[in-house]
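> Relevant sequence annotations retrieved from TrEMBL are reproduced here:
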TRANSMEM  37-55  transmembrane segment
TRANSMEM  61-78  transmembrane segment
TRANSMEM  113-132  transmembrane segment
TRANSMEM  152-169  transmembrane segment
TRANSMEM  181-200  transmembrane segment
TRANSMEM  232-251  transmembrane segment
TRANSMEM  263-281  transmembrane segment
TRANSMEM  293-311  transmembrane segment
Amino acid sequence: MPLKSISFLETPLSSLSRSLQHEWDVTFRLLRSNATGFLFIFIGGLLARAISTPLPMAETASLVITTIVVGVLCSYVFDIANQTTSPEEDYINKPYRPIPAGLININQARARWLLAWTIGPTFVYLLFGVWAMLHLLHWEFLICVCYVWPRWFSWFMRNFFGSFSYFILGRLLNQVLAKEAQYWNIGFLIDLSIFAWFMATMHIQEFYDLEGDRKTDRNTLPMLLSPRGLKALRAGTSLFIVVFSSGLSFAGYRRVARDKLIAPAYILQQVSSCVLAYRIWASKSPEMDKITYHAYYYFSVLMILLSLVLISK
């Protein structure tokens, strides 16, 4: 092939490669900070079902891929709206995100937002049906009223948004998985129980970033409390976690003969909940709070979810 032809081909190919690499970097930075929560909702929900009701390897692998695709889509739908509407806060708290990092500007972010919010529901409808699409549209509406207009985002709405987002996306995931594997269809009350647990504990996500919240004047529950009130909030949250897990363990004990997995699952959820409660109560630094939220918190609620799925079989 003549050198000119090779050069002619290399130019668009190298341009495409740079564009793809740029978009990958934008997407990675966009989704990074909320990845733990979305991993719990989607991969955690899939794991709880896979452990409770194992399926053939090929079918499970297909559902894993489907879950990852839907999880990334839902994460993108939230993060692009959130970061487009509040870049000032990100310059202080999260400068690695694509807008403060200079990778995209506001207009480019808005274009991605429009595409994600229109193509996303269409994609979900075509592959998984009308109910899955309605769950996604319901979540887009919740994002809109909390982050876009009229921005209902008091400390209560912050907790409600995170908790109810789990409930909506948990039901969306259930529609997606049950369409392919009916045995993985879990009851409404399981997701409702996790929603209630989140509502009572979600405020611990605010503990590790109090300094950033003061600078941006963000309205969070810990910001409204005195040091004594904050200590009481930690103690009350820890007590709730221990009581909830103990009640769940009692329910599991009464059904332990049903499944050999129930006993180890309930021991794990009790131990992990007690460790989580201790770390919340005894924390001495923002770093400890951050590790507690991103690691111990989601592991504990994953064990609770697995326990609920097992006793509902």
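From the backbone N, Cα and C atoms, a Cβ is placed for every residue, glycine too.
Quick caveat, the model's predicted, so the values are computed rather than measured.
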> Are there at least 3 C-beta pairs under 8 angstroms linking the transmembrane segment (232-251) and the transmembrane segment (37-55), leaving out pairs fewer than 6 apart in sequence?
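Output no: the transmembrane segment (37-55) is apart from the transmembrane segment (232-251).
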> Against the transmembrane segment (113-132), which of these stretches has the most C-beta pairs under 8 Å: 61-78, 152-169, 181-200, 232-251, 293-311?
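The stretch I would name here is 61-78.
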> Using a Cβ cut-off of under 8 Å, list the residues of the same chain at least 6 residues beyond the transmembrane segment (232-251) that approach it.
197, 200-201, 203-204, 207, 221-222, 225, 266, 269-270, 273-274, 276-278, 280-281, 283, 300, 304, 307-308, 311
> Counting only residues 6 or more past its boundaries, what in the same chain has a CB within less than 8 Å of a CB in the transmembrane segment (61-78)?
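Distant Cβ neighbours of the transmembrane segment (61-78) are 27, 30-31, 34-35, 38-39, 41-43, 45-46, 55, 116-117, 120, 123-124, 128, 136, 139-140, 143, 165, 169, 172-173, 176-177, 180-181, 184.
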